[in-house]
Amino acid sequence: MISQIGVAVAFFMCFDLCISEIYVLDDEVGLGRVFDGIGGLSGGGATSRLLVNYAEPYRRQILDYLFKPQFGASLHILKVEIGGDAQTTDGTEPSHMHYESDENYFRGYEWWLMKEAKKRNPNITLIGLPWAFPGWVGRGKNWPYDFPDITASYVVSWVVGAKQYHDLDIDYVGIWNERKFDSNYIKVLRNTLDKIGLTGVGIIAADGNWDVSKDMDVDPYLKDAVEVIGAHYPGTTTIAEALKSQKTLWSSEDYSTFNDPVGGGCWARILNQNYVNGHMTATISWNLVASYYEDLPFGRDGLMTAEEPWSGNYVVESPIWITAHTTQFSQPGWTYLKTVGHLTHGGSYVALTDSKGNLTVVIETMTHDHSVCIRPPLPAFSVTPQNVSFKLNGSFASIRELQLWQSKFDFKTQKHVFFKKLSPIKISYGSFSLSLDVDEVYTLTTINTGQKGTYPDPPPSAPFPKVYKDDFNIANPPFSEAPDFADQTGVFEYYINLTDPGPHVFTLRQVVTQMPITWATDADQTISVIGDYNWENLTVTCDVFMESVKTGGVFIAARVDRGGQAVRGAKGVFFWVFADGSYKVTNDLVGRTVLAKGLSGTSAYSWYTLSLTVQGQYATGMVNGEQLWKNDVVLGQHNGWAAIGTNSFELAQFDNFVMEVK
């Protein structure tokens, strides 16, 4: 009797699992939309800041995992920030035009990154998007579109400079749309590009929501100007007006999720379902690589992690291999089949073809709790183990074998398996079957060039050095930023001080003199952070030089507790000196909580050596070796970064920077 009951229970438990659902893959019923690729986003802002400081061979290895075809993520698209001198999430990126008569196409690291991507994949699609603008573009207003000709010329100059100075052909430019897109500006930008022969540079609009498609419905000139409708974090869905437009639809910024296995699950789900649900033919991850201090906003929200150039350590996270399931076996220009969709017991599948006999099928069965993205909220759904069968019709009927790759998330044992090549699947009578568990990704493909690239393990993780010195004495620096400094408001660049024949010829200079136009909240003071967020007791020493008579002011700081979009509220220990001969010590960047103040004897156009020591609850400061105050009580903040900065958007120089942790 017991055995009969057991058989009956087993039968009913097996019924759903043991009977295969049949899915047809057929190109004779027509094809879907053209696949445009999968990409990563550097910027928005300063998300690749630490990458450039890696020594070789580790920097080259990281780039290979991102861009090298048939090796790692094998990305098809690289989108970069057109720097605007402003805080745009995790830091500032320098503009190619700090002011209207200024042009410099070697600032920052995005030029270098695009060239490195092109070196590995000459066919990679390049996109530029300004998240912010130098203040001069707005003519005194915190809005870039009141003077559309000026803004369009500014953006187009970046496109021209990319070609003229770096031989980079930019394929698309995006529209800054953090508040509201401006349809007139889009048309002016299109005309500006066309007038100088850049008709092949497409416009992505409006890099926000789908609302631009509603305006296209009544504005044919706007519709003609836009090549791609791009949305941010669309939750795998579009709106009727976007579909009606017949325009190419992209998720032009997505993911933004901590890159642990749940983040990998998020990425697996949206890569498939952005097309299945929303007909989006490209998905771009914010961000490309988490190469910024982890305690800044959205720490480790990249496809991989490279946040320790001082140690050389980096981590190839699960999103790299989830990306490979699609990118290594399909290319931009391939076409989705119309026969794609959801699996009966949860999950989804897509199929792509090059119309030359090749077929790639990607299946994901990610469960709800193991695929939650940071945004938008994810409605409930269920996924259960299931058997599936696929019938190959049309030109695929003659296929006899498919290569098989698997990733399996195991949240019970934490022994995950990513991008593993399994034995090929034999096609019998035009069909094949699979037993699918939950939280899996499979690729079945006629392409046999897939590879899980590997390098020897990088060095182990290590904290930031406890003793750090930089005299900035580099005559021809490879990048405009000093290693490991992360600008949070303002831009600190290498500078050659030709007026100083003494020891301060090569310095670091804060160069932004006007509040930029930004959707984030820049501080009224400029600040660049460096070091280990967990540091408590340390001494910071730096030579400083103010260039604003009477109104100038600079600081060095310790225990700075925040940056990024929250930088205005930064607390810590800030030691300020001013060109009017005074000093103060504050517990906040805005300078409201004053611990000490007095006379410093400082003025503009002279060098001074500042020293700040924080030990336990007390702080002590010196100018040129003379103590200004001792053992003032530090309020509240117990740890954080070191920092340098200025009292306003003003010119100032820094030299001989030293940190020593107690």
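Cβ coordinates are placed from backbone N, Cα and C, and glycine is handled just like the others.
Automated prediction, rather than curation, is the source of TrEMBL annotations.
Residues or ranges marked as active site, proton donor/acceptor in TrEMBL: Glu178. Per TrEMBL, the feature active site, nucleophile maps to Glu253. Feature annotation from TrEMBL assigns domain 'Glycosyl hydrolase family 59 catalytic' to 35-328. Per TrEMBL, domain 'Glycosyl hydrolase family 59 central' is recorded for 336-451. The feature domain 'Glycosyl hydrolase family 59 C-terminal lectin' is assigned by TrEMBL to 487-660. Summarising the annotation, TrEMBL assigns signal peptide to 1-20.
Counting residues per DSSP class in helix, strand and coil order gives 5 helix, 54 strand, 57 coil for the domain 'Glycosyl hydrolase family 59 central' (336-451). All protein chains included, Glu253 (active site, nucleophile) registers 24 other Cβ atoms within 10 Å of its own Cβ. Here the domain 'Glycosyl hydrolase family 59 C-terminal lectin' (487-660) returns a mean pLDDT of 95 for the predicted model.
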